Ligand SMILES: [Zn+2]
């Protein structure tokens, strides 16, 4: 700001007249209101509030006024400039909000576009079924025992009361490793794991043994040379068939649904005596044998109301002796069922081959839990 | 075992109104499981009646055949009472014969509808039936001619033919050999079915006493053959037909009718459970001697097979040599033929184990062998032989010779001690002592009871009952398995999954979470598979454990690597159009240890620890492996941009992910190993131990497995990896002072591994280095041929202070200097 202009002729200073200032203010406010967007407002700011705007130029003249007039003119100009700046700020807020809103609208995308760039993985349903079963028993306090699939003949047969001349040996068509005189087999059941468990742990024993087993069955819709079994073994004081029944009823209801129980039928397994076949009440028709319409026979149980599930029994004392457990102190029960078979009727699969064909569409369908 | 219901009911009565379903439901619950109920007449509907042939006029035809134009009296069955005109092509009958006639409106098996139709110039209204047309057998030599007294014209023919008969098929457990007979099944009905009564034992009969006029028999091995009974029928008519009832019953039981003599022995075997052998008595030479075979002896058995005998085989001989494989199969030389008029009936008891071994050795399975090897009632040889003689005489017109040979006595049954409370302690269900005694007596045991328990002598048809637990099962099954209560035991607190079990689940979830799909393959492999992998002749993976009896000789070994399985599965997927794929498998492989045999240990005691360890040491090693294969695109193309194909790095990264899940870091270095691309194979190690390999597959291998070029794969030993897994990871601490960033670009020879450069930079940068990341690799004109530029972003930070000006730069210079010294790196400016 320059110093006082002593040569100033007050008569000549028209821009500081009240009506002139009012005019400039009106013009500025009108321009602000008319600014349609932020660019226009920027120009308005330059034109009406900038250094070269009429009011800024008028302001420079204040110093030329006589001291008595300066105050009045200063006030008048200052108020006008304040009002204009306020109006610009208000207008700017409105225009900015409008701009933002418009930008958000312009940035709209099609959220229905596909988003999957990577394949989904999945665990094999038999692994999942096996884990699920293990979890059910672990929840009851059992542990999961395991053993080799290429197994000693003695552990797969003899220790389980299946001597070399036992007719039941021929029922389990066995793969023999070369040379046969080495007495090594592909285990035909997971029972050798039970023998191993008794040989390496002291009772009380509560274990389940899921795993792969092998039989020389030609591969077709219902047979496979390799399949999966889960067996359970309990050895403790005072164990009875009632405990076996209770355990399998609980297992059945956990795997197939509330209220699904089991039925025992006398059977024969060298490992157990007494032995039973265990049937599970059909969880589809709930034992009625009828389909949903009540017309035809249930597909899952073929109208029988029961599904053959596995074998079980009270551990034969001969087995306890061969495995170093005193049958006068301890008794036990054992059971075994097919994991593949359980999976097949639980998930309505009629032909087992997709389990072993490895088509990714099959496993992917089950994801990571079942 | 198939048993016609009417045959069962010959020996036991069931309450009026007992349905077949009720009967079989009950038997199923006590141990004879129903397999199926068959009824041969099920597929025949409409009028099937007895007819009497009134007239029969042969009419030769132009085609050379002669047909018979017959009128058949069918009573009122046709509604008119007039004889029915029927054209018949068969000739084995004459006017006056009783025949089986199906009238118009009837339907025969196969949905064959009968109507009146014009044929050979006549209106033939119905059909005279053969056995085959009724589904009663394959015999189609002619029509069925009924015995003259079979019935009256117009009467329903079904009952006469057994077409209304129900045959029950039972699944017989190996311990219930007695139920391989009608005698045994009827006895089961008696003990299991409420209200069943009046058991009539078909093996209980008065038999003539032994005398010395019979065929001479010497048993040199009484352990192998404790009882040998021989009877003779002479003057037998070899043309005598087998009575319909016997034909129907043995057919229903699943056996083929052959001739009266053979059919009768089978009939009595089914009836009593005792296998019988018949010899043509005129072909026998001198005394019969039972002994073990001698080295080098041979026999041509009934099936025409010339067999080399084993010294353990029991044989029947006469002066001519060996005439039979005792209890298993007879010989050709003494076989009953179409001209046999004299029959020697043998009913002998054989040692079950010997039968089992001989049957298995010679691969003979027969109805007789099945019974002999599971155990037969040793006390009924005389009764069974007598029954055969009776039937042969009755239907074959011969006479029984007075000679009765009986050699040996049935072995005694054991006496088993059982405490009264054993069944209830086993069942967990109250069973009082009188129930125990009653049920044991019901199944035929002799029971001597005292204050604490019972001394039980099982009946001779129950050789399976050898110990108290066997008796327990009998008691509990008759009390009813359905009465056993459902009680949960209370296990001690468990320890949950083992560490290894948890880690395996973690590995599976990690891979599935990253897009890999698990598959399960058979562990069988053939040498051709290993050839396809391109394994060298001395590759240790070629040392395979063979199988003696593989299903498929192309895959006759247990695999040492999971790669053939996953590659084959990947190839199949590609073939099915699943071209963008990533699969994995975990499973054990079999690595031979070439150790000695696994011993067959005793079973009357626990093996010693040394014996048990030796057993394990004899088995092959079976480490758990992981294999994975990926092909096609790793990231699909789309509106977001281009697809990214799978590369060798995806296979390495998958293994790194698995390792990271176990808290481990994997180092990759280049290696050459089949089946990988020689320039794109990473040897993967953790802390200096090699755990596996990953990379791009050799193009030849891709081709061999039907996979696209650039397919990638990895295989690692999870046991090695899991053994190193970090169990308790320490919580990290990190600095909150500002970071200083420095980037460097280094030019090295193309052959220098990036990992080496990074290692040098890390070491040279010292403690202030927080992280290092390779963010660019450049090859091209700007660095010159045979060179590459590696650009690293380095981050420096001190744990306790802000770095001073120049400190980071000094550390960077030190890093570059060490990299230059170690790898010849030159900083790019
Ligand atoms: Zn159902």
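Even glycines carry a Cβ here, placed using N, Cα and C.
Nobody curates TrEMBL annotations by hand; they come from automatic prediction.
Binding of Mg(2+) is attributed by TrEMBL to B:470, B:473, B:474, and within the candidate set B:464, B:482 the record adds B:464 to that site. Here the Cβ of residue B:474 (Mg(2+) binding site) has 26 other Cβ atoms within 10 Å, regardless of which shown protein chain they belong to. Each of the binding-site residues B:464, B:473 was assessed for Cβ neighbours inside 10 Å, and the highest tally belongs to B:473. Mean pLDDT for the domain 'TRNA-binding' (B:42-158) in the predicted structure: 87. DSSP states for the domain 'B5' (B:411-486), grouped as helix (H, G, I), strand (E, B) and coil, give 31 helix, 13 strand, 32 coil.
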